[in-house]
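For GLU245, GLU484, the entry in TrEMBL reads active site, proton donor. Per TrEMBL, the feature active site maps to ASP375, GLU509. The compositional bias 'Polar residues' feature in TrEMBL is assigned to 58-68. Annotated compositional bias 'Basic and acidic residues' per TrEMBL: 69-85, in sequence order. The region 'Disordered' annotation in TrEMBL covers 58-112. Taken from TrEMBL, the feature transmembrane segment covers 22-42.
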Amino acid sequence: MVFRKLPGVSASGMGLRLSQKFVFLLFLSGLVTLCFGALFFLPDSVRLKRIFLSKTETPPVTVGSGSENDAREHLKRPKDQEHPRGMTSAKGETSTKLKSLSRKPVVSREATEERLAGGKALEDLTDTDTFSYAKFKRCLLKPPLGRDYGKPSDPNTNERREKVKEMMKFAWDNYKLYAWGKNELRPLTRNGHLGNMFGGLKGASIIDSLDTLYIMGLMDEYNDAKEWVQTSLDLNSNGEASLFEVNIRYVGGLLSAYYLTGEEVFKSKVLELGEKLLPAFNTPTGIPRGVINLGSWSWGWASAGSSILAEFGTLHLEFVHLSELSANPIYTEKVMNIRKLLNKIEKPHGLYPNFLSPVSGNWVQHHVSIGGLGDSFYEYLIKSFLMSDKTDGDAKKMYYSALEAIEANLVQKSPGGLTYMAEWRGGILDHKMGHLACFSGGMIGIGADDGVPEKRQHYLDLAAEITHTCHESYTRSATKLGPEAFRFDGGGEATATRLSDRYYILRPEVIESYMYMWRLTHDPKYREWGWEAVEALEQHCRVEAGFSGIRDVYTTTASHDNMQQSFFLSETLKYLYLLFSDDDLLPLEDWVFNTEAHPLPIIRKSFFSGAGYGLSIPFQ
């Protein structure tokens with residue numbers, strides 16, 4: 001071997017003494033040991049570990065590693081499954097095949113229910129020391145899907161239920177054909193819509209539809225949706241998303257799908273997404289900002305703007321369940337902090353205004369509405385109480401105090417005898433009620449039984465009166481569909497007087513109240529009113545490639561808005577299906593519905609081997 005002479009160094013100087021060689025080898029072995037130790041024990045070494053694992057060994061699945069899990073799924077799949085119809089490849093090429101050449105085995109609803117029914121199969125699903133899916137299923141008072149999937153014995157009612165199921169399949173099939181993977185379908189132009197509400201997240205209609213498809217027994221469609229979640233739901237989007245919308249649709253939809261089916265993919269995805277929402281609370285008061293960038297944990301918080309009551313007040317149900325599933329109390333702590341602040345600050349006439357500064361923690365203006373901007377805050381108070389197995393006394397106290405203030409200041413009776421919820425602007429009433437406020441009939445109804453005994457019948461009567469008023473807003477239009485907002489001044493009642501209020505975008509709130517009032521009273525008029533809505537939707541909103549909202553409910557010459565909203569699949573059709581089903585389909589003894597109609601189980605401490613994080617943090 002020939003050595004090249006180094007400049008300025010003698011040949012004899014290039015050699016090493018024996019002691020020097022020993023020190024050098026000792027240093028080298030220490031360096032190698034340090035490198036291998038770092039390779040296997042540093043927190044971010046999962047990719048390097050994979051290099052040294054045998055090809056048959058699978059790296060452990062960790063929460064928050066969705067992209068890696070997707071990669072493993074991709075490697076498991078045959079090449080002809082890599083890009084199902086409507087999905088885009090890494091090169092941007094889109095498959096135009098109408099049918100998959102190869103599919104994963106389809107799991108039937110009966111097989112899923114049998115797998116989750118009891119015994120050893122259930123124990124196999126126990127996934128953490130804290131939450132046992134097996135224990136959860138055994139502690140439900142009733143089977144989630146009833147004795148016969150809620151099928152009514154009355155043939156006419158069952159025929160109506162089957163019609164709603166057909167509407168769901170029609171809406172879904174067209175979404176899948178023309179907008180697969182996008183957030184919503186544009187049925188007139190037959191393409192998809194992404195929008196900027198979800199910050200780059202895709203598939204809102206898929207996530208919103210999972211539980212609806214499952215409870216309706218549309219299992220081929222459900223399996224397609226589940227496969228998309230496994231292979232294509234990318235939670236690492238980079239754009240500003242609405243915290244509220246992501247929570248109620250994506251977090252709520254994935255939680256519900258997990259609790260109904262026990263499929264681990266839904267749990268892992270929702271826990272990964274939950275972590276990405278936490279930075280929204282990094283404000284001076286802990287009141288979250290309305291938007292968050294899902295692609296980054298570090299962003300500059302903007303001091304401008306206000307937080308909206310209905311947005312920061314509509315997190316509690318989902319975040320408590322995130323704490324239960326993750327065994328991490330931080331989610332519950334975040335939403336409990338919101339309650340603490342709201343209880344400390346002064347409320348004008350006991351009312352909660354719609355805008356709050358996340359910097360100062362004070363109200364920005366005194367505008368109060370039970371419709372848009374305020375609505376689901378009140379809904380989540382009573383549902384938090386119910387979801388806690390009626391142990392959350394603070395939520396109960398806040399709800400009934402708010403309801404008392406609403407009755408004293410907002411509830412009005414029109415000259416024609418209609419009860420409605422007005423809006424309040426610094427002490428001046430605006431005699432307008434929004435379609436969104438029509439959820440309040442159902443809300444007051446489900447809370448009636450837990451009020452003070454002398455007011456329980458009063459609350460049920462009030463719920464019925466509001467639901468009747470909202471039905472009148474439908475019957476007084478040419479299409480028999482209700483406008484976005486209706487007024488009680490200028491001689492008109494329950495009608496929209498402004499052109500800008502005449503549209504209907506497939507909203508569910510009126511039908512939601514029909515469903516709850518049916519369950520509470522079994523008065524057949526609520527099913528008749530629901531059927532009227534079905535006929536109106538079919539006549540005026542069904543087009544060749546899906547369902548579309550309309551711009552004016554007062555003309556039968558429909559002008560469509562070209563949008564099949566994801567909440568139409570999640571809420572409107574689900575509530576109609578439940579309205580025509582027996583009460584043991586998602587019984588209210590075991591389930592509450594989030595504001596996007598995703599069913600979440602009532603939390604009983606017996607579900608968990610631990611104390612249960614959602615209920616273990618005292619409210620102060």
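Counting begins at 1 with the first residue displayed.
Just so it is clear, glycine is given a Cβ too, placed from its N, Cα and C backbone atoms.
Nobody curates TrEMBL annotations by hand; they come from automatic prediction.
Nearest Cα neighbour of GLU245 (active site, proton donor) among the listed active-site residues (ASP375, GLU484, GLU509): ASP375. The 10 Å shell around the Cβ of GLU509 (active site) contains 24 further Cβ atoms across the protein chains shown.
Within 10 Å of the C-beta of GLU484 (active site, proton donor) there are 20 other C-beta atoms, taking all protein chains into account. Around ASP375 (active site), the C-beta neighbours below 8 angstroms that are at least 6 residues distant in the chain are ALA310, SER369, LEU436, ALA437, PHE439, SER440, THR595.
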